[in-house]
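Trainee: Have a look at this one before I ask anything.
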Amino acid sequence: TSQRVKPCMPPHKAVPTVAAHPSAPLRKLHPCPYCARSFQYIARLHTHCKVWHKMSVAFTDGYLSCADCGKSFKNCWGLGPHQCHKPEDTKLENGPVCLNIGMPCSECGKSCSSPRNLRIHMRTHTGEKPYVCKECGKSFSEASSHCKHMMIHSGVKPFKCQDCGKDFARMGRLRVHMTIHSGEKSFSCSKCDKRFAYKDCLKLHLRTHSGERPFKCTVCGKDFAYRNYLKLHLKIHSNERNYHCGVCGLKFINSAALKTHQRTHTGERPFHCTVCDKTFFRHEHLKNHQRTHTDIGALKTHMRSHTGERPYHCTVCSKQFIRLEHLKNHQRTHTGERPYVCSECSKSFAQSGDLTKHIRTHTGEKPYECSVCHGCYTSSGDLGKHMRIHNGSRPFPCQECDKSFRLVGHLKTHMRTHTGERPYSCPRCLRTFARTHHLSVHLAQCR
């Protein structure tokens, strides 16, 4: 005989009875403000909230009211974060308060609440994905995931914010959006005091402190902290690029990369420094810049560019540097280490700045604009070299003949006229040359 499991705690308050006639079902589902479940009848939502979450919910004239203070909300997602009157031991962060009785998975031991949920869970072990999109062929393990995906093709956004009218394709995104209006953030991080409206958001944030990366790429073994990051990464292996630039036709793996690229056409620089009004293409560029205003250490480092102080020495070749990170980058020229890998083509680099410049060959981004001729460049260094054309600067003088040059590479090539160095040799006749161009011309004639 089955024994009924009683709730661990008595209900906080009685939930008002709402009649729901079985012959007149409501046309839309009523989502639970505390978890992902939805109900066809309001009365069933009442019972669910009372039994599983120990929360009282009142419904008055189509609005949801807090049963303790009477505050009204237009929908469940506004009421969800509002738990200020509940005792600490009944709040959501402590999870379900009833006994965890269910059907265990034979592979990992996870408990599922029903045979159906167990079957769905087993697909995470077997890899079975029986639901296939007829539009693009993508497959899914759950019918709900398939339905959510189909909204991408149909453009349907059935979840509307009652406060501002914004539409969403997924209920979860509406739920997150609603915290903008409610302003309530009940879950705080014990490490940095950052606050969140939902426990799931706090869990994701905690990975930034713990370093946990639970999502592994089955192709190359790379780990990721978030499922979405893994999904984006997998597009690199499949070469899936569904986002097209309408101006130049370049393709991108996600909408964010496309949006950043489009700024190269529009000139938009949406990130503003509130101290000096300087603008930037990317948010990370703004964050780096803002440190020059707030970080005393950054100011001290900057002052070395005026004083000429170079306190960091390479123990291999004695070269000196202004910044410690510059020394570390330089030391990789001796060790051969190239830790920065392009997620698009897997090319590796010794310095993060070189990777940043390289990525712009994929995105087409050229954020540095010449104020004279409006030519655009991928790096500040390239812009600086170009500006010497306009200002006539030739900062690299030859110590032998007083000639000066715009680029250090030009000076190096010129110095060979004094040293006699000819580092480029013909593999056929072994003739040597001081310039690669001269070798190329020779190779076209040497048979």
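Our numbering is plain: 1 for the first residue shown, then up by one each step along the chain.
Even glycines carry a Cβ here, placed using N, Cα and C.
TrEMBL annotations: computationally assigned, not manually curated.
The domain 'C2H2-type' annotation in TrEMBL covers 103-130, 131-158, 159-186, 187-214, 215-242, 243-270, 271-311, 312-339, 340-367, 368-395, 396-423, 424-447.
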Trainee: Residue list, the domain 'C2H2-type' (340-367) vs rest of chain: Cβ under 8 Å, 6 or more residues beyond ends.
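Mentor: Those are 233, 236, 245, 248, 250, 252, 257, 260-261, 263-264, 280-282, 285, 329, 332-333, 376-379, in sequence order.
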Trainee: Report, as numbers and ranges, every residue of the chain located at least six residues beyond the domain 'C2H2-type' (424-447) whose Cβ falls under 8 Å of a Cβ in that stretch; write 'none' if there are none.
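Mentor: Distant contacts of the domain 'C2H2-type' (424-447): 413, 416-417.
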Trainee: For the domain 'C2H2-type' (312-339), give me same-chain residues lying six or more residues beyond its boundaries with a C-beta closer than 8 angstroms to one of its C-beta atoms, as numbers and ranges.
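Mentor: For the domain 'C2H2-type' (312-339), the list is 301, 304-305, 348-351.
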Trainee: Are there residues at least six beyond either end of the domain 'C2H2-type' (215-242) with Cβ under 8 Å to its Cβ atoms? List them, or say none.
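Mentor: Non-local partners: 204, 207-208, 251-254, 343-344.
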Trainee: For a three-state summary based on DSSP, what are the helix, strand and coil counts in the domain 'C2H2-type' (271-311)?
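Mentor: For the domain 'C2H2-type' (271-311), the helix, strand and coil counts are 24 helix, 4 strand, 13 coil.
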Trainee: When DSSP states are grouped into helix, strand and coil, how many residues of the domain 'C2H2-type' (215-242) land in each?
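Mentor: The domain 'C2H2-type' (215-242) comes out at 12 helix, 4 strand, 12 coil.
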Trainee: Count the residues of the domain 'C2H2-type' (368-395) that DSSP assigns to helix (H, G, I), to strand (E, B) and to coil, and report the three numbers in that order.
Mentor: 12 helix, 4 strand, 12 coil
Trainee: Looking only at the domain 'C2H2-type' (187-214), what are its DSSP counts of helix, strand and coil residues?
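Mentor: For that range the per-state counts are 12 helix, 4 strand, 12 coil.
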Trainee: What is the average pLDDT across the domain 'C2H2-type' (103-130)?
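Mentor: Its mean pLDDT is 80.
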